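Scroll down for the structure; my scribbles are underneath it.
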Amino acid sequence: MALLTPLFAFLYHLPQVYKWLLKPYYIASLFMSIAFVMIRKMPGVCEHLSTQREDGNSCDFDWREVEILMFLSAIVMMKNRRAITIEQHVGNIILFCKVANVILFFRLDIRLGLLYLTLCIVFLMTCKPPLYMGPEYIKYFSDKTIDEELEKDHRVTWIVEFFANWSPECQSFASVYADLSLKYNCAGLKFGKVDIGRYGEVSKKYRVSTSPLSKQLPSLVLFQGGKEVMRRPQVDKKGRAVSWTFTEENIIREFNLNELYQKSKKLGKTKEKLERPSELVFSTVPEEEEPEAETISAMDTESKKDK
């Protein structure tokens with residue numbers, strides 16, 4: 001089952017893979033992930049490499065290299081069992097491929113190992129995964145606007161994500177959160193985000209740690225009447241987050257989004273009734289005046305008869 005899950009996820013999101021091919025980050029990551037295989041199989045280069053094979057064929061993997069690659073495959077499958085999105089699946093594969101490449105290159109030649117490790121460090125410092133740029137109904141807060149928006153209308157329920165741009169978990173969760181905002185956003189239920197990596201005061205006020213060890217990123221907090229009602233993940237006494245998976249199904253269930261959405265839609269309809277244009281009010285005036293006009297004309301005819 002661990003082998004089929006990433007395969008099905010890859011096939012389901014296959015159309016998105018073509019978009020990645022146009023992004024330099026994934027192209028460079030692909031070449032760095034298969035660097036050792038390319039060098040070991042490249043004609044004109046592989047003949048000059050050392051090998052532990054009995055037949056002396058330096059253009060094929062020896063038994064130790066095969067063991068390392070098999071161990072890598074097992075680690076990737078175990079890690080991907082908890083992956084939510086295709087970005088996380090691909091990110092795990094790229095990460096462990098680079099780790100395996102470092103080990104294989106150092107085992108082959110220490111100079112190649114140092115060169116590859118240097119390339120990985122430079123790549124990590126200069127290239128970042130592309131951010132989610134798809135459609136969404138999300139309001140972005142700053143340290144000055146978040147309190148104002150939460151207190152603006154106590155009838156509005158807010159779901160706010162506390163995130164940091166450098167966090168891989170937040171980057172992977174961005175598309176899931178955007179999809180939820182497209183499905184459930186309405187007049188009485190709104191979605192917001194605040195970058196606590198940028199606004200440290202917000203992080204302290206709402207008790208969301210930016211430390212990677214705390215594992216509190218991302219954090220989803222539900223506000224009703226301007227006050228916090230619940231949050232995920234929960235935090236224990238030591239300040240560490242209780243393990244929780246940020247899937248769309250879990251969020252809908254834990255935050256009762258279907259029920260909140262139905263209640264919020266009723267609030268939106270009430271607002272529309274209260275905010276109707278004045279033209280609708282004026283249109284009722286002639287209907288009320290017509291009976292009065294008929295009464296007046298009837299009284300005039302009666303008075304004429306009396307005369």
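For all residues, glycine too, the Cβ spot is worked out from N, Cα and C.
Annotated features, as they stand in Swiss-Prot:
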SIGNAL    1-19  signal peptide
TRANSMEM  112-132  transmembrane segment
TOPO_DOM  133-307  topological domain 'Cytoplasmic'
REGION    268-307  region 'Disordered'
COMPBIAS  269-278  compositional bias 'Basic and acidic residues'
Same-chain residue ranges lying at least 6 outside the transmembrane segment (112-132) that approach it to Cβ under 8 Å: 23-25, 28-29, 32, 35, 39, 87, 91, 98, 101-102, 105-106, 165, 168, 171, 174-175, 178
Mean of the pLDDT scores, which run from 0 to 100, over the topological domain 'Cytoplasmic' (133-307): 81
